[in-house]
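Quick look at what Swiss-Prot lists:
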type	residues	note
BINDING	ALA6, MET7, SER8, GLY9, GLY10, THR11, ASP12, SER13, GLY114	ATP binding site
DISULFID	CYS90-CYS187	disulfide bond
ACT_SITE	CYS90	active site, nucleophile
SITE	HIS115	site 'Interaction with tRNA'
ACT_SITE	CYS187	active site, cysteine persulfide intermediate
SITE	GLN324	site 'Interaction with tRNA'
Amino acid sequence: MTIAVAMSGGTDSLFALVLLKEQGQQVCGLHARFIPPTGHDPVPDIRAMCDRLGVDLHVVDLTEAFEEHVVRPFMEDYMVGRTPNPCARCNATMKFGLLADAAAHVGAVHLATGHYARLLRHPRWGTVLQRGVDPAKDQSYFLSLVPHARLEKAVFPLGNWRKEAVRGELARRSIVPPLPSESQEICFVPDDDYRAFLKNRRVRLPGPGPIVTTRGRKIGSHAGLWQYTEGQRKGLGIAWHEPLYVVGKDMENNMLLVGGREALASPGCVAEEVNLLVPYEDWPAEVAVRIRYRQQPLSARVTLRDGRLYARFREPQPPAARGQVLAVYDMEHHVLGGGVILGPLP
């Protein structure tokens, strides 16, 4: 039984390959080109490393599909005022979608990645996604949109590892990753500057408009709604008698809505594009949710109605950004499901 390991050239995917090989698994490397090389092409270095480890490497070109399924929706989301999460979309459509298909095409039964998350077997639910043990690197949030059937074929060797230990074990083996530095937040956005990326792509974005308080008072002008995210404080460019936060975006009237800290209190959010990883009838009444990465889970009650998730927080929270992911957990850190945030509770 062959396991294909998605090889980016970085520390995590390389150690995932090393671990599986040392466990006696039959493995091969699989590298996907998601974006055209703009500088140094990592493939020769990845191939050399695989040769050193005695592993075959397969390279698949997915640049056109990545543009269609990840980059284009990313740009379209900003055009309508959303704050997209391209990594979650990439996991669902590319890594565990088309790349997993490519793994099957080369004869692999499973696809392993360097994600910091765990997969467990449950007597009723089958494969269950669970948070990784390293709280600083846990990536279960980004995996909550991956269909259950795809997770059944996934392997996460690093789920029980911490990043510092991974680096140390590679060093102990005298293995240097081809790309030893941490990858940037969004792989296709140079320097993580999404504003420059959108401008370079000549995306038609909403222009300047008024900044209005929650009481209806105009207090300034914004540079374009696409440049702001719900809950944002910095970058408003307004001197005011109290700190101001973005509390909403009125796309129809091109208005940026701001208010003080008290205006941030949101009772919950609604999510669409729902992905159930555990049958909804098995969800507990009280769950934990995350509405942004690196956030401590929030106690909430979540209902599924008409294909949408309605999350009501136990304590009011800053508003959830439209386009981000709502990930739902039980108290044992199993991921019950996820969705794309549509807006606040009605």
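Cβ from N, Cα, C; glycine included.
Shown here: features listed in Swiss-Prot, placed on the structure.
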| residue | record | Cβ within 10 Å |
| --- | --- | --- |
| ALA6 | ATP binding site | 24 |
| SER8 | ATP binding site | 20 |
| GLY10 | ATP binding site | 18 |
| ASP12 | ATP binding site | 25 |
| CYS90 | disulfide bond | 24 |
| GLY114 | ATP binding site | 23 |
| HIS115 | site 'Interaction with tRNA' | 29 |
| CYS187 | disulfide bond | 16 |
| GLN324 | site 'Interaction with tRNA' | 23 |
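Taking the Cα of ASP12 (ATP binding site) as the reference point, the closest of the recorded positions CYS90, HIS115, CYS187, GLN324 is HIS115. Under the three-state DSSP scheme, ALA6 (ATP binding site) falls in the strand class.
Overall, the recorded ATP-binding residues ALA6, MET7, SER8, GLY9, GLY10, THR11, ASP12, SER13, GLY114 cover a maximum inter-Cα distance of 12 Å. In this structure the C-alpha atoms belonging to GLY10 (ATP binding site) and CYS187 (disulfide bond) are separated by 13 Å.
In the three-state DSSP classification, CYS187 (disulfide bond) falls within coil.
A gap of 15 Å separates the Cα atoms of GLY114 (ATP binding site) and CYS90 (disulfide bond).
Shown in sequence order, LEU14, ALA16, THR113, PRO177, LEU179 are the same-chain residues outside ALA6, MET7, SER8, GLY9, GLY10, THR11, ASP12, SER13, GLY114 whose Cβ sits within 8 Å of the Cβ centre of the ATP site. Note: the Cα of CYS187 (disulfide bond) and the Cα of HIS115 (site 'Interaction with tRNA') are spaced 15 Å from each other.
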